[in-house]
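Worksheet: one structure, shown below.
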Amino acid sequence: MLDIRYMRKNSAEVKQRLEYRGVNPETIDELLELDQKRRDLIQKVESLKAQRNDVSDKIAFAKRQKEDASEAILQMKQVGADIKSLDNEQTLLDEQVREIAAHLPNMAAFDVPVGPDESANVEQRKWAPEEYGSRPHALEEASWVKAHYEIGENLGILDFERGAKVSGARFLYYVGDGARLERAVYNFMLDEHRQEGYTEMITPIVVNDSAMFGTGQYPKFQDDAYRVEGLNQTYIPTAEVPLTNYYSGEELPSEDLPIKFTALSPSFRKEAGSAGKDTRGLIRLHQFNKVEMVKFTKPEDSYEELEKMTLDAENILQKLNLPYHVIVLSTGDMGFSAAKTYDIEVWMPQQNVYREISSVSNTEDFQARRMHITYRDADNKLQLVHTLNGSGLAVGRTVAAILENYQNEDGSVTIPEVLRPYLAGQEKLEPTTHH
């Protein structure tokens, strides 16, 4: 949620910055007009309440003097009726203001590239392991290079057919070494983040609608969520929701900041509007595992912490020796709550393209305002914290990248060295028979 006081004082700037995010400036005019009406009403109500107090005093005085107070009593009733009418009007205005404000995205940080969509994203850096060039398919696409889902099916470790039979499209079973590889990947990720000072959590996977509102998924993205029928609850689209809401409504001790959490969770997404995209494989599923990172920071530290969190995600890819690049998203491609976002995209040799594997964002105080998460600054004034979140990483997409980047011509897949301790020293995935 944006700061309405800032919007009042800086309406021209806010209109310009939100126009970069796709918001019609007239929407801001409408919001500020309703806000002004609401404030005028509040003043009227306060004035009437003062008048009511005066009349009440007059009635009490008249009664003490045994004088006729009927006129004052009538006046009192009229003032009471006027207050009630204005209160109802104010409630309606409050709802209208809230409804518009709840649909406004965050303003982008000033250094974010301005543009309508992903075409305006800017590459920050790219990385590939030195030995990557010696992999046979790294420099030119070898004829035997297969897509991760073909490799997984040939090895008997990914079963999309039975996933579809039991649950529908975009679901799968990990089988045998596939399940072990997925587990190895997320345990490795969690261990790395723990070493970087993140507290590991296991969170609920069903949250209240208020939690979805707090992180900015609701009200705008309800169509993409799996709702629990008959309850105001939702299956989480990311562990960002329960992790960030952990402190909703709380004041955090200043000396504890930054606070860093990490969690593995299943994520559930309807993928509304993705018909025809990535219909095969692990890239776009309705249910997938993801390791999430979340931070609560002081405002002056949040951008330094954003850079650190991005490096924490990159660290995983570097230790897995997977090539990637980092891009900063433009104003037209950023998520609803973000003020600045880095996407990390991993190299997928069969598609000959980089694919998103992590998104790391600073939401500044946008989420904290919705959730009322505060701390006291050096002057002992209550301030909103800044919240950050990032994937560290999407587990299925990491498995997909490993299968494609570590595949061998004989159909086997070499297991990255850092994962071998999690797989009892196993060095390769080879075809197995299962029914």
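Each residue, glycine too, has its Cβ placed from N, Cα and C.
The model shown is predicted, which means the values in this text are computed figures rather than measured ones.
Features reported for this protein in Swiss-Prot:
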| type | residues | note |
| --- | --- | --- |
| BINDING | THR238, ALA239, GLU240, GLU292, SER391 | L-serine binding site |
| BINDING | ARG269, LYS270, GLU271, GLU356, ILE357, SER358, SER359 | ATP binding site |
From the Cα of ALA239 (L-serine binding site) across to the Cα of ILE357 (ATP binding site), what is the distance in angstrom?
15
Cβ contacts of THR238 (L-serine binding site) (under 8 Å, same chain, 6 or more positions away):
SER265, SER267, LYS290, GLU292, ASN389, SER391
Whole-number answer please: how many Å between the C-alpha atoms of SER359 (ATP binding site) and ALA239 (L-serine binding site)?
13
For GLU356 (ATP binding site), what residues in its own chain, 6 or more apart in sequence, show a Cβ-Cβ distance under 8 Å?
ASP343, ILE344, GLU345, ALA394, ARG397
Enumerate same-chain residues with a sequence separation of six or more from ARG269 (ATP binding site) and a Cβ-Cβ distance below 8 A; give 'none' if the list is empty.
ASP224, ALA225, TYR226, PRO237, HIS286
Beyond the site residues THR238, ALA239, GLU240, GLU292, SER391: chain residues whose C-beta lies within 8 Å of the centroid, for L-serine:
VAL241, LEU243, ALA263, SER265, SER267, LYS290, VAL291, MET293, VAL294, ASN389, GLY390
Chain-internal residues, separated by at least six, CB under 8 A from GLU240 (L-serine binding site):
THR215, GLU292, VAL294, ASN389
Once the chains shown are all counted, how many other Cβ atoms turn up within 10 Å of the Cβ of LYS270 (ATP binding site)?
16
Listed binding-site residues (GLU271, GLU292), ranked by Cβ neighbours within 10 Å, top entry:
GLU292
Round to the nearest Å and give the CA-to-CA distance linking GLU271 (ATP binding site) with ALA239 (L-serine binding site).
17
Cβ atoms within 10 Å, counted per site: which of SER358, SER359 has the most, among these binding-site residues?
SER358
Check each residue in the chain of ALA239 (L-serine binding site) that is at least six apart in sequence and keep those whose C-beta is under 8 Å from its C-beta; list them in sequence order.
MET201, THR203, ALA263, LEU264, SER265, SER267, LYS290, GLU292, VAL294
